[in-house]
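**Q** So TrEMBL says this about it:
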TRANSMEM  24-49  transmembrane segment
DOMAIN    39-285  domain 'G-protein coupled receptors family 1 profile'
TRANSMEM  56-79  transmembrane segment
TRANSMEM  99-118  transmembrane segment
TRANSMEM  139-163  transmembrane segment
TRANSMEM  201-224  transmembrane segment
TRANSMEM  245-262  transmembrane segment
TRANSMEM  268-287  transmembrane segment
Amino acid sequence: MKNETSVQYFYLLSFSGETRSKPFIMAFFFLIYVVGVLINFSIITVIFLKVNLHKPMYLFICNLSIVDIFYTSVTVPKLLHMLLSGNHIVSSAQCYTQFYFFSFIASTEGILLFVMACDRYVAICDPLHYHQILSWRNCSLITFGIWAAALSNSTIFVIFAVYMSSCHSNVIHQFFCDVKSLTRTNCTITKLFLVFTNLEMVIFVFIPIMCTIVSYFQIFSIIFKMSKKSRKKAFSTCSSHVTVVSIYYGAGLVGYLIPAYSDVLDSIFNIIYTTIVPMINPIIYSLQNSNVQAALLWLMMEMCLLK
């Protein structure tokens, strides 16, 4: 007989044994969470308030900030609660709910970064038709499509995951419930689940990365033919997105390619792309974009005047 059980709870083992370091770990994650939420919320606020930022590129940056707030909110508050209470047990329902929202947000960010690459491609390679292709109506439909596709994907993903039996262990060597950790606890991984997982990797990771690389080959081939002044301006609008994409996919892919026995490295890379990357994304965009810098400065001055 197979030793298959329906697990009622999971034990998140990451950071559980670091008693002396817990205050520092809590302070670290709390600081990252607060700074990330404040910066992303500031980006959303200035884009909403400043009319000159009501453009497709800034609409997508605004959506990216929303995604990044949710990204850290799905994992960090629960981690802080576990560190504060010392209770590292989560119910099966809580674990799969966290996995559902994490999958939803991760899928959204992957599609959004690809759409932002397309935005830069149209802006540089086909500027005369930019406002026609990326009209307000089209941008609204694209935004709705991004969130709807990610929601559908995460719903199907979790349905497949819930119906797998756990028999190896209910211990998760991670600070949140993700597909890699949950798969390690399961002994009845169906062929359908593996097919869906591989298909998801192709649709939401491989295709966007390859299309983004091809887009930037085209973009850079056009940029190098521009004048020095135009080239500098074009580079400034692309460099921030290239940096964000490189960090996000680099940390994410390395994290998921790490062998199952490398729990420490696994945790490190998960921390990078689930907490640090969402915090630095708006910083990268604000540092590279003079319009965002000016809008943030205006917001700070308005807040000072109100005081």
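Glycine residues also receive a Cβ, built from the backbone N, Cα and C atoms like all the rest.
Can you tell me where each of these features sits in this structure?
**A** The list of residues near the transmembrane segment (56-79) in space but at least 6 beyond its ends in sequence, with Cβ under 8 angstroms from a Cβ of it, reads 15, 29-30, 32-33, 36-37, 40-41, 43-44, 47-48, 90, 94, 98, 101-102, 105-106, 108-109, 112-113, 115-116, 119-120, 123, 134, 139, 143, 146, 175-176, 237, 274-275, 277-279, 281-282, 285, 291-292.
Within the chain carrying the transmembrane segment (99-118), a Cβ under 8 angstroms from the stretch's Cβ atoms is held by residues 57, 60-61, 63-64, 67-68, 70-71, 74-75, 142, 146-147, 149-151, 153-155, 157-158, 161, 176-179, 182, 200, 204-205, 208, 211-212, 215-216, 241, 244-245, 248, 252, 274, all 6 or more beyond its ends.
Only residues 6 or more beyond the boundaries of the transmembrane segment (139-163), in the same chain, are considered here, and those with a CB under 8 A from a CB of the stretch are 56, 59-60, 63, 96, 99-101, 103-105, 107-108, 111-112, 115, 179, 182, 190, 192-193, 196-197, 200, 204.
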**Q** Note the mean pLDDT of the domain 'G-protein coupled receptors family 1 profile' (39-285), expressed as a whole number.
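**A** Averaged over the domain 'G-protein coupled receptors family 1 profile' (39-285), per-residue pLDDT gives 84.
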